[in-house]
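The annotation disulfide bond is assigned in TrEMBL to Cys56-Cys61, Cys96-Cys131, Cys359-Cys362. What TrEMBL records for Arg152, Thr154, Trp165, Ser217, His220, Arg252 is FAD binding site. Residues or ranges marked as active site, nucleophile in TrEMBL: Cys359. The active site feature in TrEMBL is assigned to Cys362.
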Amino acid sequence: VTGVLDDCLCDIESIDDFNTFKIFPKIQKLQERDYFRYYKVNLKRPCPFWADDGHCSIKDCHVEPCPESKIPVGIKAGSSNKYSKTANNSKELEDCEQANKLGAVNSTLSNQSKEAFIDWARYDDSQDHFCELDDERSPDAQYVDLLLNPERYTGYKGPSAWRVWNSIYEENCFKPRSVYRPLNPLAPSRGGDDGESFYTWLEGLCLEKRVFYKLISGLHASINLHLCANYLLEETWGKPRWGPNVKEFTRRFDPAETKGEGPRRLKNLYFLYLIELRALSKVAPYFERAVVDLYTGNGHEDAESKALLLDIFRDTKSFHMHFDEKSMFAGDKKGAKSLKEEFRLHFKNISRIMDCVGCDKCRLWGKLQTQGLGTALKILFSEKEIQSLPENSPSKGFQLTRQEIVALVNAFGRLSTSIKELQNFKILLQQTR
């Protein structure tokens, strides 16, 4: 994948260099800070669109629910006798533990962390959102340590996973009934259609609707890249080995294997990267104010986190080939307003579809990356409000909750990682030829 991207004046090589040498090392460091590593999420919300087929998809995801009666008291209490003889006798339990290692969400937190979260919550406020927000007061919402739950291949695939993506593409990408080819690039095309009629149709759309499709396609490509790069390669003596799977990468992105779709998907990943990069540069004034702390209660760490974040903002501003969102929603005021609202509602719907993902770990990262993109869109459409923020008092107009800030940084961190992994796959492919 090389050359200039559609709908922006930017070339892929410039993004690669900028990401590798400036952004990637810093955003990795930032994601390890306490403020950014804990994300509150409700993984128990029911799917609002179809009867939940969680059991099939959970099986694919290797997260087998353990029967309560089979779990030794020591494990439930979290005490040290977990490895006693009786605990290891049950074959069922071993299968369960194996499953949990692969796909389960590790939600262990120290009491100290829990106290800090109560403090953080006091700093949060809320307003108009592009995402369906989890009710953070719900008893089902829990803090998850993202560093203990890396996004990787869990085995979640098949009809259940396919239905989620199909629903996102088919129902939310402004598709007219006259275009028969499913928008989902994983879906089989009909008869002799080589897919080009679909792209002819896409080019005929207004910029906003074209952008919407590219954002979703870019997010899909990014998630697929993470799964290919962090794949379960083998499990010897109970020690799983994770790493890049070139065969899986080829299956999902090679032009010959994807009827020419693969490079287009990857270009959409770069497009999404530019959109979120633009949002970071636009939101900088919000964080540059002294009144905004990345508050965890540890003054020294908070100051370091903020300094690192502002350093990343300086880098984003130094990149001159941004996507120009001013061309979006720039028509007559009434039409632009209704299109923007339609955009917001489509996106909100996608964030609700994430509650239909059957694998907890996939659901966690799907929700986080969707909320991160939703936050980026909210920023891009709030430029005037951000520019008129008061310097020394909390803003009444534009406000970001801690959830949105954590999602924004981690979602962009995932895109930065995707582009870095793509470089790695290019090298691996050259070596295998």
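Cβ coordinates are placed from backbone N, Cα and C, and glycine is handled just like the others.
Curation does not apply to TrEMBL; its annotations are automatic.
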Within 10 Å of Cys362 (disulfide bond) by C-alpha distance: pick out those among the binding-site residues Thr154, Trp165, Ser217, His220, Arg252, and say none if nothing qualifies. Thr154
Measuring Cα to Cα, how many angstrom lie between Arg252 (FAD binding site) and Cys359 (active site, nucleophile)? 20
To the nearest whole angstrom, what is the C-alpha distance linking His220 (FAD binding site) and the residue listed as 'active site, nucleophile'? 16
Which number gives the other C-beta atoms within 10 angstroms of the C-beta of Thr154 (FAD binding site), all protein chains shown included? 21
Nearest to Cys359 (active site, nucleophile) by Cα distance: which of the binding-site residues Arg152, Trp165, Ser217 is it? Arg152
For a quick check of packing: other C-beta atoms within 10 Å of the C-beta of Cys362 (disulfide bond), how many? 27
